[in-house]
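Pulled from TrEMBL:
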type	residues	note
COMPBIAS	A:11-21	compositional bias 'Basic and acidic residues'
COMPBIAS	A:23-49	compositional bias 'Low complexity'
COMPBIAS	A:50-59	compositional bias 'Polar residues'
COMPBIAS	A:334-345	compositional bias 'Acidic residues'
COMPBIAS	A:357-368	compositional bias 'Basic and acidic residues'
DOMAIN	A:159-287	domain 'TFIID subunit TAF5 NTD2'
REGION	A:1-59	region 'Disordered'
REGION	A:91-110	region 'Disordered'
REGION	A:334-382	region 'Disordered'
REPEAT	A:416-457	repeat 'WD'
REPEAT	A:489-522	repeat 'WD'
REPEAT	A:531-562	repeat 'WD'
REPEAT	A:573-614	repeat 'WD'
REPEAT	A:615-648	repeat 'WD'
REPEAT	A:657-689	repeat 'WD'
Amino acid sequence: MAAVQGGMGDADIKTDIKTEPSADGFGNNNANDGRVLSASPGSSSSTGSNKQTAPVTPEDQQTLLAVLQFLKKNKLTESVEILRREAGLPENSLDPKANESAGAGSGGAAGIVDLEGGDASSLLSRVTGSSSAGAQAPTKVAEDQPDVSVVLSAYSQQGDPTLYKVYYRDLKKFIETVLDCHRAELSQVFYPLFVHMYLELVYNNHESEAKAFFEKFSGDQECYYEEDLRILSGLTKKEHMRGNETLLDFRTSKFVLRISRDSYQLLKRHLQERQNNQIWNIIQEHLYIDIFDGMPRSKSQIDAMSGSLAGEAKREANKTKVYYGLLKEPEIELPLDDEDEEAENEEGKPKKKKPKKDSVGSKSKKQDPNAPSQNRIPLPELKDSDKLDKIMYMKEATKRIRLGPDNLPSVCFYTFLNAYQGLTAVDLTDDSSLIAGGFADSTVRVWSVTPKKLRKVKSAADLNLIDKESDDVLERIMDEKTASESKIMYGHSGPVYGISFSPDRNYLLSSSEDGTVRLWSLLTFTCLVAYKGHNYPVWDTQFSPYGYYFVSGGHDRVARLWATDHYQPLRIFSGHLADITCTRFHPNSNYVATGSSDRTIRLWDVLSGNCVRIFTGHKGPIHSLAFSPNGKFLASGATDGRVLLWDIGHGLMVGELKGHTDTIYSLRFSRDGEILASGSMDNTVRLWDAMKAFDDLETDDFTAATGHIHLQDNSQELLLGTYTTKSTPVIHLHFTRRNLLLAAGAFNP
Amino acid sequence: MAEERRQKHCSVVLPTESMKAMAESVGVGQLQEDSCVALSEEVSYRIKEIAQDALKFMHHGKRRKLTTSDIDNALKLKNVEPLYGFQSQEFIPFRFASGGGRELHFYEEKEVDLSDIINTPLPRVPLDVSLKATKEQQKAESTEPLKVVKPGQEEEGTIQGKSQGTTTPDGKGKEKGLIRLKPRSTHELSVEQQLYYKEITEACVGSCEAKRAEALQSIATDPGLYQMLPRFSTFISEGVRVNVVQNNLALLIYLMRMVKALMDNPTLYLEKYLHELIPAVVTCIVSKQLCLRPDVDNHWALRDFAARLMAQSCKTFSTTTNNIQSRITKTFTKSWLDDKTQWTTRYGCIAGLAELGSDVIKTLIIPRLAVEGARIKAVMEGPVVSNIDKIGAEHVQSLLLKHCASVIAKLRPQPDNVDQYRTDYGYLGPMLCSHVMKARTQAALQAQQVNRTTLTITQPRPTLSVSQSGLSGSSGPRTPSIIKVPSSLTLMSPRPGTPSQPSPPATKYIVMATSAGAASTQQVITLSSSQSASPVTSTVPSATSTLQPLVKLESGSGAGLTASRPLQKYIVVSLPSSASSSLETKSSVLPTSISSSSLDGGMKLERSESPGASTQSPH
């Protein structure tokens, strides 16, 4: 029942998305159309083309038809209509005979399906990169029996179950005997092959053979697949396959392998010689082999990149140009700044300041060639208060301490006492004046960490009485009686997993297990909006660095882009194969990075909604992301205790920082990007020399073209410091504008 | 190894018996074996699925422990109703039962009376979340910022943790880098302990001497007092503060006896409470006025007693880190050197210093004898003096003579020339000379093994009598003792020839003994009141036979054998072992001290050594 509802919900969303660009009947959207991103049909079609370079194929049509069928069955006639119109399918397309005629434009339709993440799409094996909206309840699967059988039927080929072992062993023997240079590459085949063979056995009800097969060969698999293997091991019956997410992930996405042409030929020849059709079929159907010319890669190169749920990223996936440069800072009247400075510093000092300011000015005037155009994404206009804040920021920035290996930052640790293991999220404002905590008891608390207390705005009746013309009207609207060091905000009905301040410090976002993202006002300390869209826990949310937009991601495997004044998401980023665990905005607000339990990081273009980068290499769910201040690099931390560094422009892994022994929950670059700080469950804060890590980098064209990376193992040289707490996991890090490092966590007795 | 584990993962399936048991519990009687197998596989699979999802929630909750709420949330993900209200106090809430060839674990669901729940008092509200900032300067590999923890608090904290563990989760704990001091911890005492505490404190300061003796004995021997120790130490320090102001000598004495008893208890570690006890004791040594009538009341004895307590605690607790002894010495010396210091305080300072040992006497007191002599002379022979000053000067004089004589006897070669002494020590010279000579003769007499010193005077006031050793010539360490002996005290009874004990209810007795190596002798007495008998019987009889303890019934006629009068004062038993009788005493002393040390355990070992050392020092 619930599943059916879920399906309807998704259908609704689809309807909305499709209708939004045409702006019919959504008055609130119209009002802001000028500033707000609108999902244009063009963008969705490009999504489709991005997913797979394959043009429209009969499979896509079938997919489409299956979706239509599903919708029809659920009496969602309107959606059917729209989808059909979008896809350009003729009225009678549901008639199987008409299939051939409906070809044009179905790529766009596939894109929609991708965006959708609808239930139906997840069931369809041919749609790559689509995601299911969370777990399907078994009851529902039963209803959709025909569709499910479509998915699973791929496994129905009957081979002799007893021969599976022989096949696998044969292949293993073969791979073990090939030349060393090919062995590492061909070994990649083992894991996907193992999984698919096992699933085939299970599907065909050869339970005991499946078990035997699993026991015999599961030990051979790379250790970083252990988690998946554990899930697989539980799966021993055909009935279990329904509704199992991991299984669906395997089915719905082709496992991507990168193999050199030579190695591939070797494998192909072997399989053809041995007439090993079983394995050949699997490779053909379920694996995507990305063949490249040139030298085979070494074991360590492969290991660095593998580990994700669906293999490595295809090379094409990371070819799109990414405008990683920063946006030009808006001109701010410096005279004001100057006056203040002079007033403060008496004489002498202003002279010194001037040249500096010039340099700052010139820097901001120069347009970064890699930066997106200023209005690529409509950004909110600066308000007066924002300008004041910018001035404050620049003032503080002049007092900033240059960090480096010889000049490490001081650390100030904010410890939450008596949190009883309930602290789940922390955020600090950019100016480090407020700290907010999300708790397992559904509360959101805000503390002021400066002597300035938190005050509410006066009630409406009292506001009437104040003199609106006075200069200090902003002071007058505050109610002194409510001043306190901290405020509690109630509203969620589940643990609060993500929290984020707006850049102007007027709002706070929180995301929770209850599936909502809430926007709170820090003037009244009340909830303003509950954004409903994720039906499952929302693991993370973050405001754009320019405010107004925010992104959220959760258990339903999609990230959503919202604007604060829209209750519907503007974009849905779909493609991850498992929960989205963390979301981050690029400093220029044009891109969003998401980390996931499928052990990949994806970078999404906010404008088009496309996935422009897929980073693989983590061996565990990713729990923290951080962009370098210059926007060029991305750092990610995962449960495996490693920090990986990525070059966004080239789409390459550029560094690996080993040292932590537990999940890394927080990463942060210093304000000038010299230092990377990482905080972990293992009760330590570690500082890394980011300058050195990125400076040593020389990306030649070859590496950029092939994506073959050579990582040096220099974690120890890059590690500048380790600070341990007694028993406080570090769950948030923040550099103040002057480069003091703030850390936060709950004491864990 | 990983392989093994994986295989285990694969094969773990709930036993079919569980299925049967569960089916029975919901009323399905006969479950087919096949259904059981199918069910158990399905259930195991679902449980694994839920556990995996629950882990996800744990990770996002930034915890290492999986909680029941994680499982609830995982169930919610699967559209399964979570388990409402499941809560268990215990780690494993399952019970085991076997019978009929089957073994099963079940969850015991107790029937709970609603009114019980309603009527139970609410638990303490857990502390609210709060935020603490800790700054850490850039020091790689260094970790916690300096913690400031008052000595004693940590210990208290752990004790508290232990005792409170079950009641309220003490979420506070010791916080990393907590710069502010932890608020004083108060931990709850059980009802019995509260009663005990009330009884003991009342008895200790009450009017009934018998009860007091019992109470003190209890304090000195009871092994389970550590939880009450903070209360006792506060009681004492507060009591002293109040009673010094009110000049209530009696109560001050009682309190000092409590200190003594606490120090005697081998199971207590007073280190953590010295910050309260030492000021109290020092107050009793040097306070300007301790009683209402300084001219009549014997507050000197209290000073002596407290000084001995101080000396003892210096010996026991002084370490290189707390430096108690040197700090105390400095304090005493400073106020002694001050010209304006009153005679009472002066007396206390000197007594306090003198009790610290012959080295202290040699280096600090003897060099000042001349100056002090002049001061005494000014009072004694000067024209106008108040009676109180005169008494004070007299006491200071006799105190100096008492302590210095034996030390000088060792320092100076014979013969003792009065003139020489006069030039060296000024006014006190002649008197010193005679005392030294007396000390020497006593030393010489040692061969005759007997020497009695001590006599004690009592005061006319019936309620309180303090005895004081008069002539003890030795400066050896002594354990203080003011022991009020109820009339039925065992010490008396075994003594042959003792007349029938007077037993008027209002009578107080004090037995006071001091002498060299007195640590041991006193202990004998102390033990005699607390422990049953062996030391008493061994020492006291020997005393009667060899030492002739002196008993004075002061208010009665000197030889009065019949203690007929109700108000009597008393008794001094002294086992002299002054410098002269070293060998003999040593032999008699050591065994007892050892026995006491074995009784007292670790910390007292030092004490058992010191008497030995001091008895040797006279040579």
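Cβ coordinates come from backbone N, Cα and C, glycine included.
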Restricting to the same chain and to residues at least six past its boundaries, which positions have a Cβ under 8 Å from a Cβ of the repeat 'WD' (A:657-689)?
397, 400, 402-405, 408-409, 411, 620, 623-630, 635-639, 641-645, 713, 715, 717-735, 737, 739, 741, 743, 745
DSSP helix, strand and coil counts for the domain 'TFIID subunit TAF5 NTD2' (A:159-287)?
100 helix, 7 strand, 22 coil
Beyond a gap of at least 6 residues from its ends, the CB atoms lying under 8 Å from the repeat 'WD' (A:489-522) belong to 383, 385-386, 389, 422, 424-431, 433-434, 436-446, 454, 528-543, 545-547, 550, 552, 554, 562, 564, 583
Mean pLDDT for the repeat 'WD' (A:615-648), rounded to an integer?
92
Tally of DSSP helical, extended and coil residues in the repeat 'WD' (A:489-522):
0 helix, 19 strand, 15 coil
